[in-house]
Amino acid sequence: MKLWMESHLIVPETRPSPRMMSNQTLVTEFILQGFSEHPEYRVFLFSCFLFLYSGALTGNVLITLAITFNPGLHAPMYFFLLNLATMDIICTSSIMPKALASLVSEESSISYGGCMAQLYFLTWAASSELLLLTVMAYDRYAAICHPLHYSSMMSKVFCSGLATAVWLLCAVNTAIHTGLMLRLDFCGPNVIIHFFCEVPPLLLLSCSSTYVNGVMIVLADAFYGIVNFLMTIASYGFIVSSILKVKTAWGRQKAFSTCSSHLTVVCMYYTAVFYAYISPVSGYSAGKSKLAGLLYTVLSPTLNPLIYTLRNKEVKAALRKLFPFFRN
């Protein structure tokens, strides 16, 4: 889940009285502003989004198939990579079909139910990615810092339990946030200043009290953002310390190469999120929010397969074995 650091935007405001609300019509659909302020770039944006979405689906599906059907890739690192690829597919597929359709038809409305569904699946996949990146950092820590005990530390049962816990924990957390969103009333306006439905802009449109939602957002920020980030930093602190103790340059390079791909993905993901969502109130920008949304929902799922496979001989060998056209 992306860090909901825009919770600082949810400021106290005067809510309509029940009598006033009785004379208002509740919103049944929302308008996604998207990139409508730049209609001259519509064809260009559609082409770019279609290319990136196709690349994200193709890359992640190939990784999923390669790991699933190759027994040599059933190690913990690849098991977690399989889960990450699945999350990437869900994350980008929850928003890109609607975004592409809006660019083609210029029809940017989304039903209330569709918005809530999009919110649920996007938040579920994105929050699961944050937790999984932390789990993958621990896996690299175990492999580099405790190589002799790696097989016992990262047993099949333990890895399966971690992956299941990530999916279930994020599903429950997302259900809570979505449930709290469903209890709110939306009386208008109904324009979401983004190209997909997300929590903070929706809260700003609500004509109900959003206090409980705000509290839950702060708690989610603390866990998904701060705690996970610190745990990842701690894991890499131990990893770097262990690598520096290796006497030969070749040994240090080999040790670092086993975690360089994951470190690249972690830096890319957190940079995109922190860029837009950790900032003072006066520094908030809808443009920054849209850019960050593109980075972690479109660009990241597209680049992840490339980052994890370009320097991974095992994955490339599995792809060549599974798909003959890769041999050339």
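Backbone N, Cα and C define each Cβ position, glycine as well.
Features reported for this protein in Swiss-Prot:
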- C115-C207: disulfide bond (DISULFID)
- N23: N-linked glycosylation site (CARBOHYD)
- 1-43: topological domain 'Extracellular' (TOPO_DOM)
- 65-72: topological domain 'Cytoplasmic' (TOPO_DOM)
- 94-117: topological domain 'Extracellular' (TOPO_DOM)
- 139-157: topological domain 'Cytoplasmic' (TOPO_DOM)
- 179-215: topological domain 'Extracellular' (TOPO_DOM)
- 236-255: topological domain 'Cytoplasmic' (TOPO_DOM)
- 277-289: topological domain 'Extracellular' (TOPO_DOM)
- 311-328: topological domain 'Cytoplasmic' (TOPO_DOM)
- 44-64: transmembrane segment (TRANSMEM)
- 73-93: transmembrane segment (TRANSMEM)
- 118-138: transmembrane segment (TRANSMEM)
- 158-178: transmembrane segment (TRANSMEM)
- 216-235: transmembrane segment (TRANSMEM)
- 256-276: transmembrane segment (TRANSMEM)
- 290-310: transmembrane segment (TRANSMEM)
Packing count at C115 (disulfide bond) (other Cβ atoms within 10 Å of its Cβ): 24
For the topological domain 'Extracellular' (94-117), the mean pLDDT of the predicted model: 90
Of 44-64, 216-235, 256-276, whichever stretch has the most CB pairs under 8 A to the transmembrane segment (118-138): 216-235
Interface present between the transmembrane segment (290-310) and the transmembrane segment (73-93) (three or more C-beta pairs under 8 A): yes
Counts by DSSP class (helix H/G/I, strand E/B, coil) across the topological domain 'Extracellular' (179-215): 16 helix, 2 strand, 19 coil
Secondary structure tally of the topological domain 'Cytoplasmic' (139-157) (DSSP, helix then strand then coil): 16 helix, 0 strand, 3 coil
Counts of helix, strand and coil residues, the topological domain 'Cytoplasmic' (65-72), according to DSSP: 6 helix, 0 strand, 2 coil
Composition by DSSP (helix, strand, coil) of residues within the topological domain 'Extracellular' (94-117): 16 helix, 3 strand, 5 coil
The topological domain 'Cytoplasmic' (236-255) - residue tally per DSSP class, helix then strand then coil: 16 helix, 0 strand, 4 coil
